[in-house]
Amino acid sequence: MSNIKIITLNVKGINNVVKRRKILSMLKKDKVQVALLQETHLTDLEHLKLKRDWVGQIFYSSFNSKSRGVAILIHKNMSFKLEKVIHDTEGRYVVITGFLYGEHVLMGSAYAPNTFDSSFYSKLLADISSICPPFVILGGDFNCGLVPEMDHSPSKTLPLSRMAKATKDLCLDLGLFDAWRIINPREKDFTFFSRPHRSFSRIDYLFVSRSTLDRTKSCSIDACILSDHSLVSIELLPPYYDPLSRHWRLNSSLLSDPEFVTYLEKQWELFISTNESPDVSASTLWETGKAFLRGGIISYTAAKRKNALAKQLELEQQIKTLDRVFKTSSSVSVFKKLEAARSALDQLLTQKAESAIFFAKHRLFESGNKPGRLLASLAKGRAGSCVIPSLKDFKGKQHFETKVIRDQSFGEGTANHTAILNNFWCSPFVSQCS
């Protein structure tokens, strides 16, 4: 399963058939699987014409052929099963929910008004919050910069506009994050250039939920020659857990280890004392702090596994030595030491086995009913042996040699083949063949 590439782009009108074709070709070349488009300037009938080439499903909200209009294009190879479509009558947003590779997802494309309109935000909030699943991707042109000093050039020092405050409140209420800003906390980049004002701004966003952010591999702003807006793209890991992939997950049993908890507290204190400053926002500090702790936990668990393996090898060597000594001396003290070493090794191996069984059950519970290699192997089951270990000929003599079995089965010509096969029996499967 390849990663999923999702983009948002204000296309600035694609009612021209040539431009429409160029946009679709560009998205195909970039291997886009989900496209969230704004300002399509298409009617309902014209929107349906986008369903061609790589586009397998299209969902849209139309206004007229000269303004607004939003659409969601989904690649024909994407395993998306639609559940519900919500779109307003003003051509401002379209929201869909469904199942992508077995996971419940919500995707939306929005085009905010150029001036503040409270009804837009309240309607969008009401529609999304009523069905908000764990995996949410909301992209669009929101016509405002959320951080004036970072999202505008020249930088602005004015207070947040009402549109920016409403957009931030919308994200806060829905638990959404600005994916590009989270991944690029200190970088300046822009998605729109205003020719009259000779200024740059970042007004196009991809807002994602916490669960989606955890699966985000990259998020970037790329130039688009077919529009006056830049394209914002995000690359996500497939929205299901592949049991054989290397997704890190905290071993929750570590939290019952006082030594680990103390180590974690010291690591967090070290991170805060080093990185906390007025220039770093709380959300950025929290996200980077989690990445720092993840690295520390991986280092801690790796050292713990290494120590456990060293202890196991030491006990095994100790048991071998004591066993040799006990066989020659039959000493009671040596026997007690041998039993103690065996008990310690047995306890260590029991802990490993219990841990492996726990994680196997957890993996089966989480991924056993989802498409993937685990489900495929479970559905396939164990293949029965196809080996013929012995064969009886017409005289009743049983043969075990491979060469003789082959000669008896196929060496006397195809005319006798059916008769021979009807008269032989396989020793492991006598009950089935009799």
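All residue numbers here begin at 1 and follow the chain in the order shown.
In case you wondered, yes, glycine gets a Cβ from its N, Cα and C as well.
Nobody curates TrEMBL annotations by hand; they come from automatic prediction.
Annotation comment: TrEMBL describes 7-229 as domain 'Endonuclease/exonuclease/phosphatase'.
Annotation source TrEMBL lists Mg(2+) binding site at ASN10, GLU39, ASP141, ASN143, ASP228, HIS229. Around the Cβ of ASN10 (Mg(2+) binding site), a 10 Å sphere holds 26 further Cβ atoms from the protein chains shown.
For TYR111, the entry in TrEMBL reads active site. Take the CB of TYR111 (active site) and look out to 10 A: across all protein chains shown you find 26 other CB atoms.
The feature active site, proton donor/acceptor is assigned by TrEMBL to ASP141. The Cβ of ASP141 (Mg(2+) binding site) lies under 8 Å from the Cβ of THR8, ASN10, GLN38, GLU39, ALA110, TYR111, ALA112, ILE203, ASP204, HIS229, each on the same chain and at least six residues away in sequence.
For ASN143 (Mg(2+) binding site), the number of other Cβ atoms no farther than 10 Å from its own Cβ, over all displayed protein chains, is 20. According to TrEMBL, the feature site 'Transition state stabilizer' maps to ASN143.
Summarising the annotation, TrEMBL assigns site 'Important for catalytic activity' to ASP204.
Other Cβ atoms within 10 Å of the Cβ of HIS229 (Mg(2+) binding site), summed over all protein chains shown, number 22. Under the heading active site, proton acceptor, TrEMBL lists HIS229.
Positions annotated as site 'Interaction with DNA substrate' by TrEMBL: HIS229.
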Shell list (Mg(2+); ref centroid = CB of ASN10, GLU39, ASP141, ASN143, ASP228, HIS229; cutoff 8 A): LYS12, GLN38, TYR111, THR191, PHE192, ILE203, ASP204, SER227
Which of GLU39, ASP204, ASP228, all recorded positions, has a Cβ with the fewest other Cβ atoms inside 10 Å: ASP228
